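S.K.: Dropping a structure here in structure tokens format, bear with me for questions.
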Amino acid sequence: MNRKYDNNNDKNIPLLSDNERIKKESNFLRGTIAQNLDNNLTGGFNTEDAQLIRFHGMYQQDDRDVRVERANQKLEPLINMMLRCRLPGGVIMPQQWLAIDDFSEKYTLYGTIRLTTRQTFQLHGLLKPNLKNVHRLLNKLGLDSIATAGDVNRNVICTANPMESTLHYQVWELAKSISSYLLPKSNAYAEIWLDSKKTESTDSEPILSATYLPRKFKIAIAIPPINDVDVHANDLSFIAIKSENTDQIIGFNVLVGGGLAMTYGDITTYPRKASAFGYISTKDVLKIAETVVTVQRDWGNRSDRRHAKTKYTLTRVGVTTFKSEVERRSGVQFHPIRPYVFTDRGDRFGWVQGIDDYWHLTLFIENGRISNNDPHKLLKRGIAEVAQIHSGSFRLTANQNLIISGVSKDNKLMIESTLRKYGVINDDITPQRKASMACVAFPTCPLAMAEAERFLPKFVTKIEHIMSKYRLEKDAIILRVTGCPNSCARAMLSEIGLTGRSIGRYNLYLGGNNIGTRIPRLYKENITENDILNILDTTISRWAQERNSQESYGDYVVRSGIVNAVINSEKDFYE
């Protein structure tokens with residue numbers, strides 16, 4: 001919302017965005033949501049409450065496939081809600097999964113579960129009469145959707161690599177602690193959705209403030225050498241540093257100010273890699289997390305939401321100034337960055353044995369969409385059947401995939417046989433398909449300008465043909481497609497990134513790398529799928545013939561001069 005409101009009489013202070021007024025007048029996120037729930041004349045919420053329900057983990061959407069048809073029939077759009085669960089670190093138990101699966105089948109328009117790039121799941125197509133029911137179900141399961149959207153700290157993600165399960169457990173515990181510590185303290189969620197007793201007017205938000213944050217805030221924890229969480233896509237990232245003598249994490253490198261969204265036509269917006277602040281000990285993580293959040297709370301831009309993210313605050317005030325303020329407020333000094341190396345960002349598919357002698361099976365879930373829509377791939381049914389017999393846990397990855405975790409040696413065959421029976425495991429999936437992902441886009445995302453999730457599978461097939469033509473079947477290029485420039489599928493950290501411009505047309509970005517530490521550059525703007533395929537055929541052919549040993553596609557297109565590397569996106573992204 002770009003409207004402004006006058007918050008004071010000092011004409012030297014910029015007007016605040018209207019979102020700030022909505023938050024300020026919401027009575028700690030209550031607004032008139034409860035009254036709107038009882039309004040049966042519309043399937044949605046009014047404009048202000050549609051903003052506030054985001055803080056409760058929901059987005060108001062409509063089915064864009066039927067928008068014109070319904071308008072012709074003089075009907076309002078098919079308004080529905082998308083709910084995103086809070087699931088720090090992406091761990092969910094089989095019995096929780098079964099209940100979610102059953103609810104999605106019975107009470108959503110689409111009957112699917114969507115795994116996200118932030119290690120959680122979304123339910124699309126929730127109608128207003130079912131909203132209280134889904135929140136009550138989550139509460140019964142020990143889950144909620146608090147702060148998975150809105151101007152707050154979002155779902156905290158961490159490396160899901162089961163190969164180092166001792167380290168994974170440590171970062172998962174930390175992810176849960178950070179998530180809980182930074183949650184809104186308002187009782188509005190329980191009052192509205194769980195019919196909890198209304199509290200007296202004693203709400204306060206000592207960390208987030210009564211107007212919460214200027215914009216959404218994202219936190220990730222990575223365990224090198226795996227960068228599956230894409231540390232440079234987050235406002236705040238912790239990179240684990242392991243003891244040389246034990247399987248214990250002794251501290252973290254801290255990165256601040258990453259973010260990938262931009263606005264077409266506005267060169268003051270751009271994707272930005274995070275800045276290295278320094279190394280801290282494990283005991284200081286919560287204090288640093290709180291302080292980075294509060295500095296951004298106080299210094300972030302509340303007048304122009306396009307410039308409200310942490311990355312723009314760092315650009316405006318300077319990295320050194322922001323870092324010094326964090327040290328001053330927290331009393332924690334940053335030490336020099338400890339050495340670390342990222343070598344990969346993908347998931348390890350198939351069976352992997354953990355150090356506790358249990359096994360972990362990583363399943364490829366194309367675009368994270370779990371459904372029974374394909375009769376040859378009954379993902380929903382197969383995973384539900386496994387949940388009925390599995391005594392371990394499920395882990396959702398930041399690459400939209402699913403890990404069946406904690407499987408005993410005796411149960412491996414039974415679980416794998418079940419998954420093969422329903423087509424969940426397919427040995428023919430190529431490395432290229434496994435390295436590709438897309439955001440949801442049409443028909444439910446209101447921001448989508450072009451297809452993404454529904455476009456990607458057939459597009460990947462065409463890329464597979466190109467790879468095969470040049471005998472690159474065993475190789476993979478990090479490919480990401482988003483329906484708009486917000487980069488929910490992290491296209492601005494891919495080797496090949498497509499961002500939607502209009503139906504059937506995309507911007508093509510090249511030159512990111514395969515470990516997520518370089519932003520790609522715009523190669524061609526507003527082009528068709530055929531244009532994209534022709535460009536990729538040519539550049540992949542050259543890569544096959546001219547590459548150095550083990551050189552990735554992204555590194556090749558930079559070295560060969562097809563695109564210039566983005567070094568400092570604040571200055572050279574639009575060159």
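Along the chain as shown, residues are numbered 1 onward.
Cβ atoms here come from the backbone N, Cα and C positions, even for glycine.
Annotations for this protein, taken from Swiss-Prot, read as follows:
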BINDING   C439, C445, C484, C488  [4Fe-4S] cluster binding site
BINDING   C488  siroheme binding site
S.K.: Using Cβ atoms only, which residues of the same chain lie under 8 Å from C488 ([4Fe-4S] cluster binding site) while being at least 6 residues apart in sequence?
M.R.: T117, C439, V440, T482
S.K.: When DSSP states are folded down to helix, strand and coil, where does C484 ([4Fe-4S] cluster binding site) land?
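M.R.: Looking at the DSSP assignment, C484 ([4Fe-4S] cluster binding site) belongs to neither helix nor strand, so coil.
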S.K.: Show, in sequence order, which residues other than C439, C445, C484, C488 on the same chain lie with their Cβ within 8 Å of the centre of the Cβ atoms of the [4Fe-4S] cluster site.
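M.R.: Nearby residues not in the site list: V440, A441, L447, A448, A452, T482, G483, N486, S487, A489.
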S.K.: Across all protein chains in the structure, which of the binding-site residues C439, C445, C484 has the highest Cβ count within 10 Å?
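M.R.: Result of the Cβ crowding comparison: C439.
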S.K.: Look up C439 ([4Fe-4S] cluster binding site) in the DSSP assignment and reduce it to helix, strand or coil.
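M.R.: Note: C439 ([4Fe-4S] cluster binding site) is coil by DSSP, not helix or strand.
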